[in-house]
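The block underneath contains the structure these notes are about, expressed in structure tokens.
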Amino acid sequence: MPAYKRVLLKLSGEALMGDDAFGINRATIEGMVNDIAEIVKLGVQVAVVIGGGNIFRGVAGGAAGMDRATADYMGMLATMMNALALQDAMRHASIEGRVQSALRMDQVVEPYIRPRAIRQLEEGKVVIFAAGTGNPFFTTDTAAALRGSEIGAEIVLKATKVDGVYTADPKKDPSATRYTTISFDEAISRNLQVMDATAFALCRDQKLPIKVFSIVKPGALKRVILGEDEGTLVHV
């Protein structure tokens, strides 16, 4: 029995690379889509916000001397490429994915329209939100917090390459332990970088919990949906 009826899944662009140094690894994206298909079959309504860091990172571009707003718009276009790849992989897995973009690109995808997104979720379609918030200076984590709040998601599932939030970097500190649950305030006081500050504050204000888990760990997404001990739950 699923623990959640409607979720917002945040996928980082980097997660789509698999073991590659750049771009989209087809086997990796197919594995993610198969995981999503499993929870859709359980009757869970799934919306996805996807990053673009495997193609272009606005923050990195800005740091290299590029105008930050221009770099961020380029990053938004990178998320569009990822969203279309995800939608295509879903089609091959017999899931109906619908891409809605915060930037208008009418020949390619639908614009973001909240009531339409909610209706599509209720119809069992997976809605993929592309182009972040549509505004520069906001990350795709913030887009996940925003869209999750707008569609009435019960939780934001932050899919990463690490299986939760740790007391320290587990790659550097072998004694680091994983938090099973932690409050927003505790995460802030311990300076744990769960999401960027804007996204984190929005989730906290909206009382929207965050689950951090590993998307590369087989079966982890399904275990999260079933309410099993997987990843770290950040709560009010």
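In case you wondered, yes, glycine gets a Cβ from its N, Cα and C as well.
Around Ser12 (ATP binding site), a 10 Å sphere centred on its CB holds 21 further CB atoms from the protein chains shown. The feature ATP binding site is assigned by Swiss-Prot to Lys10, Leu11, Ser12, Gly13, Gly53, Arg57, Thr160, Tyr166, Asp169.
Mapped onto three states, the DSSP output places Phe137 (UMP binding site) in coil. Annotation source Swiss-Prot lists UMP binding site at Gly52, Asp72, Thr133, Gly134, Asn135, Pro136, Phe137, Phe138, Thr139, Thr140.
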Original post:
Within 10 Å of the Cβ of Lys10 (ATP binding site), how many other Cβ atoms can be counted across all chains shown?
Top reply: 28
**OP:** Have a look around Asp169 (ATP binding site) and count the other CB atoms within 10 A of its CB, chains all included.
**Re:** 9
Original post:
Cα distance, Lys10 (ATP binding site) to Phe137 (UMP binding site), nearest Å?
Top reply: 18
Subject >> C-alpha spacing of Thr139 (UMP binding site) relative to Asp169 (ATP binding site), in angstrom >> reply: 23
